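Novice: Positions annotated as Mg(2+) 4 binding site by TrEMBL: B:Asp26, B:Thr36, B:Asp66. The Mg(2+) 3 binding site annotation in TrEMBL covers B:Asp26, B:Asp66, B:Asp200. The Mg(2+) 2 binding site annotation in TrEMBL covers B:Asp38, B:Asp66. Annotated Mg(2+) 1 binding site per TrEMBL: B:Asp38, B:Asp112, in sequence order. Residues or ranges marked as substrate binding site by TrEMBL: B:His45, B:Asp252, B:Tyr306. What TrEMBL lists as ATP binding site is B:Gly111, B:Asp112, B:Arg139, B:Ser202. Residues or ranges marked as Mg(2+) 5 binding site by TrEMBL: B:Asp203. The domain 'PurM-like N-terminal' annotation in TrEMBL covers B:25-131. The domain 'PurM-like C-terminal' annotation in TrEMBL covers B:143-292.
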Number of protein chains: 2
Amino acid sequence: MSTEAAVLARLRELATHPAARGLADDVALLGDLVLTHDTIVEGVHYLPTDPPESVGWKLGAVNLSDLAAKGATPAGALLSLTLRGNDDWDECFLAGLAEVCERFGLPLLGGDTVALPAGAPRVLGLTVLGRAGARVPGRSGGQAGDFLWLVGPVGDSAAGLAQLLADSAASGPLVDAYRRPDPLLAAGALLAPHASAMMDVSDGLLLDARRLAAASGCGLRIDLSVLPLSQAYREARGDDRAARLFAATGGDDYALLAALPADLDALTILKGCSAKVVRVGELTEGDAFVLVDNLGLVPLPERLGYEHNAS
Amino acid sequence: MSTEAAVLARLRELATHPAARGLADDVALLGDLVLTHDTIVEGVHYLPTDPPESVGWKLGAVNLSDLAAKGATPAGALLSLTLRGNDDWDECFLAGLAEVCERFGLPLLGGDTVALPAGAPRVLGLTVLGRAGARVPGRSGGQAGDFLWLVGPVGDSAAGLAQLLADSAASGPLVDAYRRPDPLLAAGALLAPHASAMMDVSDGLLLDARRLAAASGCGLRIDLSVLPLSQAYREARGDDRAARLFAATGGDDYALLAALPADLDALTILKGCSAKVVRVGELTEGDAFVLVDNLGLVPLPERLGYEHNAS
């Protein structure tokens, strides 16, 4: 068992309160409040060369994406900010955080600022609270026969990160997707009343879809050929099977994945939303994971996405 | 301006929502929920040699102390845990956190676990939510003429830290006070309905008392001679003026400081509580800080407590 898996197992033993939802759902639900916390580490979750404004934006956005996946409305945030004596960096980081907070109506309510020892990587945490709507879909409510709908492009962020790793001065729409993801709050709020299960796609579509199916006690079928690849993605990486597998396993997308009963059409529910929406597959009886594209069956790649592992 | 002061000034500009209370109050108040977050850093807020159980206990206790100062009841916690691939440390840390959560009825609801780069100091954060009582005293409600009441001993923790810095194998009640502070939730809940202002003493009594007085637009008078020094403290450091100044500026006490109208007696309100309670001074007109002991006027020390400063 990986180190993180062992720690998570221990945490699950401790988190017995019903509001914790067994730690299986990215968020906690306390009364009508949806609670989430994401921590990002310099050199692990963002590049030391990333502009601090974009780090601030991304910290807000990844937490807001958790609210989006539960159909919740932003209510407030607490920031954990580690300082290393660099005013300019901190100022720009806060400007980026302020920008995403303002854009999505998330008030900053408090937190903590602490000093770091010299040379230590920054660790930045944000707790976000949201007001739940009438329904808060979990990962586990999916039923065999539900269609799986994907909202938002996948692959852009991983392609942008690949560009940055090859050239730290890279720029363009893919780099922007990596640095400044957009949380899909409007789409999430529209889908939540209807979705049998929903989550955001942060670790790779294939990995997250398997998690949703497993939590729902189902198998799944995903069709790579319908992936909503952006024009920029196609230009950078093409759209053959390898490109589609890269997009489906890259992570950092902050797309939404929703299981809807077969008689519902996400395109109708999301009419007027600008996000890309595709029916990417379905939940099935059993526990098999069937991956196809327009050429037929696709062997499952060894790596389905970004598996967190501290070891 | 110190780095942290500049960042805090910027944060205050951002935190305009009334629930943020101007970031002047250790907690936010969103509806009937009191929200607080404390982050601790290895080598800054705890010693790398501290037993991990005690680090877990302390992270819970320092957050619960913020609830105590607002008279709130624990409702839930989100943990930000950084992993460095050391299962034993993490397991023991979680055992200590679980112990303090169980003792004070704080359910663990969620959070995030993230990997650290090799060699990076651990950064551990906890967001705690509490249910507010009928009144949530801030720092700013004190009135000239209010008496200042101190609940809990001061100095033990700083004396314990001094022992550990001299000998990392030191043990005893002072070291225990440093490592495993007790949040004064019961006392806080009893005082909150009556206190014009209240806060926990975490950075040193003199510094925190001056903060409460300043937020309340008052001066203050503190009498060092009545400080509730423990037997262990007296044995380790004596009880002369220097010893009392050390105790009043040391920090990490997690005592409570409450301003009560002069016709109220905290000893009566806290009857049945085991915590030590003394009337340690009063709020005054103006903005002067008068420090006395049984020998007369005491010159204010240059350092009133632990000023956070990342530079």
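Including glycine, each Cβ sits where the backbone N, Cα and C put it.
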Novice: If I take the alpha carbons of B:Asp38 (Mg(2+) 2 binding site) and B:Ser202 (ATP binding site), what is the distance between them in whole Å?
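Specialist: The Cα atom of B:Asp38 (Mg(2+) 2 binding site) is 12 Å away from the Cα atom of B:Ser202 (ATP binding site).
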Novice: Between B:Tyr306 (substrate binding site) and B:Gly111 (ATP binding site), what C-alpha distance do you get in Å?
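Specialist: Approximately 29 Å lies between the Cα of B:Tyr306 (substrate binding site) and that of B:Gly111 (ATP binding site).
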Novice: Using all protein chains shown, find which of the binding-site residues B:Thr36, B:Ser202 scores highest when you count other CB atoms within 10 A of its CB.
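Specialist: Top count of Cβ atoms within 10 Å goes to B:Thr36.
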Novice: Sorry to bug you, but what's the C-alpha spacing from B:Thr36 (Mg(2+) 4 binding site) to B:Gly111 (ATP binding site), rounded to the closest Å?
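Specialist: Between the Cα atoms of B:Gly111 (ATP binding site) and B:Thr36 (Mg(2+) 4 binding site), the distance comes to 14 Å.
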Novice: With CB distance below 8 Å as the criterion, list the binding-site residues among B:Asp66, B:Arg139, B:Asp200, B:Asp203, B:Asp252, B:Tyr306 that sit near chain A.
Specialist: none
Novice: Within 10 Å of B:Asp66 (Mg(2+) 4 binding site) (Cα to Cα), which of the binding-site residues B:His45, B:Asp112, B:Asp200 do you find?
Specialist: B:Asp200
Novice: Between any two of B:His45, B:Asp252, B:Tyr306, the residues recorded as binding substrate, what is the biggest Cα to Cα distance in Å?
Specialist: 11
Novice: Say we define neighbours as other CB atoms within 10 Å of the CB. Which of the binding-site residues B:Asp66, B:Asp200, B:Asp203 has the fewest?
Specialist: B:Asp203
Novice: Would you pick out, from the binding-site residues B:His45, B:Arg139, the residue whose Cβ has the largest number of other Cβ atoms within 10 Å?
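Specialist: Highest number of other Cβ atoms within 10 Å: B:Arg139.
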